[in-house]
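Listed in TrEMBL:
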- 10: active site, proton acceptor (ACT_SITE)
- 227: active site, proton donor/acceptor (ACT_SITE)
- 230: active site, schiff-base intermediate with DHAP (ACT_SITE)
- 10, 17, 51, 93: Mg(2+) 1 binding site (BINDING)
- 17, 89, 102, 103, 131, 240, 241, 264, 285, 346: beta-D-fructose 1,6-bisphosphate binding site (BINDING)
- 17, 131, 264, 285: dihydroxyacetone phosphate binding site (BINDING)
- 51, 52, 130, 232: Mg(2+) 2 binding site (BINDING)
- 230, 231, 232: Mg(2+) 3 binding site (BINDING)
- 231: Mg(2+) 4 binding site (BINDING)
Ligand code: 13P
Ligand code: 13P
Ligand code: MG
Ligand code: MG
Ligand code: MG
Ligand code: MG
């Protein structure tokens with residue numbers, strides 16, 4: 001069995017929340033090189049999207065391994081030290097705990113992990129996003145694994161025709177459930193259409209009983225009890241041979257659907273698919289970005305990455321995203337650009353309510369003139 005783990009954290013932004021400084025990437029690359037040399041990891045690749053560093057790693061220790069999670073935690077401590085020296089913004093932002101204990105659950109860094117027995121050829125896409133929440137993957141996963149207008153294989157590939165099983169987390173109640181699609185599609189959509197609360201955590205093939213996709217599902221604000229930065233999730237999707245083809249896995253991002261998370265974690269904006277050189281944010285701390293790194297995993301080695309969105313066939317999506325961004329931005333502080341009150345990451349509402357509580361009066365029976 002091989003495990004593919006992506007573990008990520010924002011340990012300091014350059015400039016503001018826009019990107020990762022090259023010295024942080026160099027520090028993480030050096031740590032990864034040592035971990036491969038020491039035999040902890042089979043292979044590793046360091047990548048970034050916006051101000052978040054991702055450690056993409058293959059190993060044989062399984063998911064939730066103390067050694068692999070501990071390595072990531074130590075690496076993020078190192079990059080935080082570099083960020084502090086450079087005075088980068090929000091140094092150590094996602095490290096919410098003082099000490100590592102066993103695994104990263106509830107500690108701040110996000111992770112998606114997938115264990116599999118290597119097929120003769122193992123094409124995988126690693127998606128990294130910035131300025132959004134884990135539910136941002138819901139629409140894309142639905143399209144890849146349940147929508148025949150996206151994925152032709154659901155109709156014409158015998159190995160895919162039985163459909164896929166989705167595991168969904170309720171992040172507010174800390175519960176999970178599985179839905180068998182296609183027959184439970186409508187039930188599932190009732191939940192995953194509300195991505196701030198319900199998040200697809202994993203997808204498996206019903207025919208092959210192989211796990212096909214894994215996402216990072218932690219919500220930083222639910223861990224910290226307050227806004228400390230956006231989650232900026234990652235996702236792994238295995239492709240081909242009874243799973244969606246690479247082109248079917250990329251296709252959902254040809255529509256720059258709207259996600260929560262831009263500017264102070266509190267605005268809806270389109271999800272912009274970009275090349276690796278464009279994986280940083282700018283306008284209104286956004287628009288939220290997604291990059292796709294393609295690998296072939298061979299004997300545990302990460303052959304790649306290929307920069308999958310560095311392609312003119314995504315230019316239309318980028319143009320549409322910019323148009324949608326212009327449209328949403330003109331709403332300023334109004335919904336649906338600003339998130340609804342209950343989903344706002346930042347809020348002055350509690351203090352404001354307390355300050356003006358005494359000034360509210362009952363509405364008059366018949367409103368004629370303004371009350372004095
Ligand atoms: P190739 O003939 O280029 O290998 O394409 C096969 C295929 O089915 C792509 O979707
Ligand atoms: P990050 O989670 O990417 O640090 O974004 C924080 C933010 O509020 C940007 O406006
Ligand atoms: Mg940040
Ligand atoms: Mg970020
Ligand atoms: Mg963040
Ligand atoms: Mg071919």
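Each residue's number is its place along the chain shown, starting with 1.
Glycine is treated like the rest: Cβ placed from N, Cα and C.
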Spatial neighbours of residue 17 (Mg(2+) 1 binding site), counting only the recorded positions 10, 102, 131, 227, 232 and Cα distances within 10 Å: 10, 131
Secondary structure of residue 264 (dihydroxyacetone phosphate binding site) (DSSP, helix/strand/coil): helix
Candidates 131, 232, 285 (binding-site residues) - the one closest to residue 10 (active site, proton acceptor) by CA: 232
Where residue 285 (beta-D-fructose 1,6-bisphosphate binding site) falls in three-state DSSP terms: helix
Spatial neighbours of residue 230 (active site, schiff-base intermediate with DHAP), counting only the binding-site residues 102, 130, 131, 241, 285 and Cα distances within 10 Å: 130, 131
Sparsest Cβ surroundings (other CB atoms within 10 Å) among the recorded positions 10, 52: 52
Cβ-centroid neighbourhood (8 Å) of the dihydroxyacetone phosphate site, 17, 131, 264, 285 excluded: 16, 230, 261, 262, 263, 265, 281, 284, 286
